[in-house]
Amino acid sequence: MSLATLDATQHPNLPASAATLFKAKAHKKLSFEQIAQHIGRNEVATAALFYGQAKASPEDIQKLSELLNISPQVLEEQLSGFPDRGRSVEMPPKEPLIYRLYEIVQNYGYAYKAVLNEKFGDGIMSAISFSTKVEKETDADGNNWAVITLRGKW
């Protein structure tokens, strides 16, 4: 199994907590799925904590401290503030996978908007009252497909 790691030189705008968490994750050889199971979040929400894009609860801090052997005081200091969302990614993104997600919104954004407006009326989908997940599907020919679900309150 390959594990996501952090190359801080490619992410100069991440908070200090990112380096702390990724170093412990690598040392323990844990996947985001394993960490998510321990803290009771899904794996994308857990990864968002590591990148400083989500707010950690006191329970998250306690459970991460236990699992990763990081002082709760260090995690409290690094994770208890409000996230500075969105500053970690340059626009347009240069990383190919992140660029493809950006490209999906460029190509399908207005189509999503039109269909959502027809189904729900005027409004927006929340990114606060929101959840997302990633699943892997394999078709009959053995091809792997990524399935990304976005669920936001209207």
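Backbone N, Cα and C define each Cβ position, glycine as well.
What you see is a predicted model, and the numbers here were worked out from it, not measured in a lab.
These features come from Swiss-Prot:
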ACT_SITE  R100  active site
ACT_SITE  E103  active site
ACT_SITE  S126  active site
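E103 (active site) and S126 (active site) are 20 Å apart (CA-CA, integer value). Sequence-distant contacts of E103 (active site), defined as residues of its own chain at least six apart whose C-beta falls under 8 angstroms from its C-beta, are absent. The Cβ neighbour count for R100 (active site), using a 10 Å radius and every protein chain shown, is 11. Within 10 Å of the Cβ of S126 (active site) there are 11 other Cβ atoms, across all protein chains.
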